[in-house]
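Below: one structure, written as structure tokens.
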Amino acid sequence: MVRGKTQMRRIENATSRQVTFSKRRNGLLKKAFELSVLCDAEVGLVIFSPRGKLYEFASSSTQEIIERYKRHNKDKVQPENHVGEQNLQHMQHEAASLMKKIELLEESKRKLLGEGLQSCTLGELQQIEKQLERSVSTIRARKIQVFKEQIERLKEKEKILASENAILREKFGGLQRRQGSTGEKEGEALCTESSEKSDVETELFIGPPECRIRRPLQN
């Protein structure tokens, strides 16, 4: 006869529940004993029945196993907490250091702007003065460099414009030459036509119709 699969839920019948508890408890204790013997493992098992009765098994001593378990957890958790505390302290130290640096920078900035100089000694004022002179010298050098770069760009632009102007002049000169040549040809044509017209004989008649005398028209 095949046993059916036991459904994993609370057994409602009290008698069946007590029988099942006894059987499985004994089986669990037996397995713990076998594990400690076969594998030379230190095993501790504690079971409380539904009525609060204690059942235990220990390969050596239950108290020793419990103490060992506590030490193991303490050794495992303590390094993590220690590392966390160290990281927190390091971050707090870094934050305090950064805040101090920010305060010093703000104070230096105010002094460079001429504020809060009442508490400065003569040496500090001279140091601030030298720092300002170095800053002014650096700014002037950069300004001169910017001017030079602008002049170079303007020179390059001037060369480009001069080249374009020369090209336009050349094109305009060629156009004028073509127009002059066309005008000369038209003038020669007009002169030739006028000369041909002057050579044509023109008849002029003087007197009555019956005795007209033909005379050539002279230029």
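Every residue gets a Cβ built from N, Cα and C, even glycine.
Caution: TrEMBL annotation is automatic and unverified by curators.
Between the stretches 32-59, 144-171, TrEMBL puts its coiled coil entry on 144-171.
Per-residue pLDDT, averaged along the coiled coil (144-171), amounts to 91 for this model. In terms of DSSP secondary structure, the domain 'K-box' (88-178) contains 82 helix, 0 strand, 9 coil.
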